[in-house]
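Q: Annotated compositional bias 'Pro residues' per Swiss-Prot: 1-12, 605-626, in sequence order. Per Swiss-Prot, region 'Disordered' is recorded for 1-47, 492-680. Per Swiss-Prot, the feature compositional bias 'Acidic residues' maps to 16-29, 514-531. Annotation source Swiss-Prot lists phosphoserine at SER56, SER62, SER583, citing similarity to another entry. The repeat 'LRR 1' annotation in Swiss-Prot covers 226-246. Summarising the annotation, Swiss-Prot assigns repeat 'LRR 2' to 254-275. The repeat 'LRR 3' annotation in Swiss-Prot covers 283-303. What Swiss-Prot lists as repeat 'LRR 4' is 312-332. Residues or ranges marked as repeat 'LRR 5' by Swiss-Prot: 340-360. Annotation comment: Swiss-Prot describes 639-651 as compositional bias 'Polar residues'.
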Amino acid sequence: MEIPPQEAPPGPGADADADAEAETEEASAEAESPTGTSPPADGRLKAAAKRVTFPSDEDIVSGAVEPKDPWRHAQNVTVDEVISAYRQACQKLNCRQIPKLLRQLQEFTDLEQRINCLDLKGEKLDYKTCEALEEVFKRLQFKVVDLEQTNLDEDGASALFDMIEYYESATHLNISFNKHIGTRGWQAAAHMMRKTSCLQYLDARNTPLLDHSAPFVARALRIRSSLAVLHLENASLSGRPLMLLATALKMNMNLRELYLADNKLNGLQDSAQLGNLLKFNCSLQILDLRNNHVLDSGLAYICEGLKEQRKGLVTLVLWNNQLTHTGMAFLGMALPHTQSLETLNLGHNPIGNEGVRNLKNGLISNRSVLRLGLASTKLTCEGAVAVAEFIAESPRLLRLDLRENEIKTGGLMALSLALKVNHSLLRLDLDREPKKEPVKSFIETQKALLAEIQNGCKRNFVLVREREEKQQLQLSASMPEITITAPQPLEESGELPAVGSQNGAPRPGPGPDSDSDSDSDREEQEEEEEDQRNQQRDEGGNDQSSLASCPALIPSTDSLGPGDKSPPSSPSSPTEQRISVSSPGRGHKVFVVTRVESPPERPEPPVPPTFVSSPPPSPPSPPASPPSQTMDTQDPESSEAQPQLEPSQAGQPLPNGLKPEFALALPPEPPPGLEAKGGSCSLEHALHRSQGVSKLEELLLEASQEAPRDTL
């Protein structure tokens, strides 16, 4: 290492050694330098270049510390543990315990989910008391944390907001009526608003947000915030705080409700900021500006923003803002352009009759307003007539408030006539007591008109409820169901629709055109088709001979409808049995039974159709059951005996030596309720086949053994 000149030891040869060393270093520097730069002007040379080496990748990280889990204390916690931890914290911090909090903790039951409310309203919370609350917040979460009027100072508010942000303690937070949280309190609140993803509702009524605190809140609302509802009533927002807030909210897409009442907002700068906010923000749904000083000039700015609101704002409250008929002209021009505004409250403004006339045309052109507030707006009978014209023209108006106005007999008569035409208005608020009239009989007329108006609203309410019930029925009709369309007259006459046959050969299952919407039906259909193929392969050419020897199997053309003469595969056959299966999200399918066979005519009156019939044996009677019905319950293993089983008649032994008692082993007769399911033979086949397999096998075995003796 080079020794500085002031530290070099004195000696006669010191200067010579220093010069020699300097020349050596200069030569080495020039050799190593790729550019060959000249030495500095002062003659001093830099030291030799230093090299830096790094350890291997495995040795770079010597250790790691995981972040603390805020919920490590909240697993399987009990009420006693929470109370004990809170009391220990109070003793450690030497602060008083809150009896109201202890009572609420003892009432909590389900600690795994968010608890409905933690109510600390009216309790005085200093810094130490707030610090003790951390033992509760680290173990429990709440939906609502109510800190209204708790006398929070900057330190206590900062501590509480940090806890709520870290532990995500609340979705709804009320900090209203805390006038001393100061700048640090608002800074912590802004950090909480920005970082807490679960916080949706913040109530800061009567909590001043001054010039030096507003930038923090504005920054939190502009960057990202999960807040959907923000109450800032009486927060001293007029001026710069409102400008910062409105500018930030132009880019906020999450806030839905903004309440700015009682902030002394003026009709110039403040209203201009609100108008610009409405131009750029289309996600805000409720804007409450009651009890401010918007005036007609400010309403002009707001209406300019409303014209740009193709969608977004749903409720606008302008209650008590010194608006007159001049401002109603601006609003009347803006209303035809709004497509989302549903509630407009203009109460307690001296609008007068002229203002309502200026507003009427805009309201008629507007098709979105459902609720209109005109309470205490200096209206008389003349203004009520203009309102009645709007009622008669409106197909959507639900509620109208006309209280605290001098509406007498003439105005009530106009409103009553308008209600006879209107079928949407459900509530019309009027003063209960009739107004004084020079003619005493008019007072009774007013009472009668008031009753008639109320009856008209009740009538509309009944109509709306009927429409809702009809819509509910239509909705329920779209639920999963199986319905039979185009019922056949054959069912009414007692004839049984059987499965179709093709080319004169009976078929044991549904036709190939049939289909269903469920997987189980598809599996049953595949099984039945496999059985059919096995039957046809085993029978071979015996079908024609068996049919020729059994004329009873050939149905008479007189018993069939005219549509039965068409081929089974014809989709236009009028006797097709269509069964529709509908299910929301799974589509709509229709399967068709293309052939309908009926039993031979009987001398006795027709009986309800059954799949299996076993009457007492008598020689002259027709067959006991249609052959297709008997085959529906037959097992595939007995397909060899199938041609001989078909001509079974009462009073005669069955072919192949089967006894007449064979029919007794068939599945029991279905209940009468199954008559309506005439087209679902495949389902009946699947149900009965599994029940009668064992009995059929026993009878067939017995018949095969006794056949020689019976035929003799």
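Every residue, even glycine, has its Cβ placed from backbone N, Cα and C.
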Q: Could you count the residues of the repeat 'LRR 2' (254-275) that DSSP puts in helix, in strand and in coil?
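A: Result for the repeat 'LRR 2' (254-275), in helix, strand, coil order: 7 helix, 3 strand, 12 coil.
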Q: Can you tell me the CA-to-CA distance separating SER56 (phosphoserine) and SER62 (phosphoserine), as a whole number of Å?
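A: Rounded to the nearest whole number, the Cα-Cα distance is 11 Å.
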Q: Would you mind listing the long-range same-chain contacts of the repeat 'LRR 3' (283-303), meaning Cβ under 8 Å and 6+ residues beyond its ends?
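A: Cβ under 8 Å, 6 or more out: 249, 252-268, 270-272, 274-275, 277, 312-324, 326-327, 330-331, 333-334, 345.
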Q: Near the Cβ of SER56 (phosphoserine), how many other Cβ atoms are there if near means within 10 Å?
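A: Cβ-Cβ neighbours of SER56 (phosphoserine) within 10 Å number 6.
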Q: Secondary structure at SER62 (phosphoserine) (DSSP, helix/strand/coil)?
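A: Coil, per DSSP.
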Q: Reported in the order helix, strand, coil, what are the DSSP residue counts of the repeat 'LRR 4' (312-332)?
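A: For that range the per-state counts are 8 helix, 3 strand, 10 coil.
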Q: Taking 10 A as the limit, how many CB atoms besides its own sit near the CB of SER62 (phosphoserine)?
A: 6
Q: Where does SER56 (phosphoserine) sit in the DSSP three-state scheme?
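A: Reduced to three states, the DSSP call for SER56 (phosphoserine) is coil.
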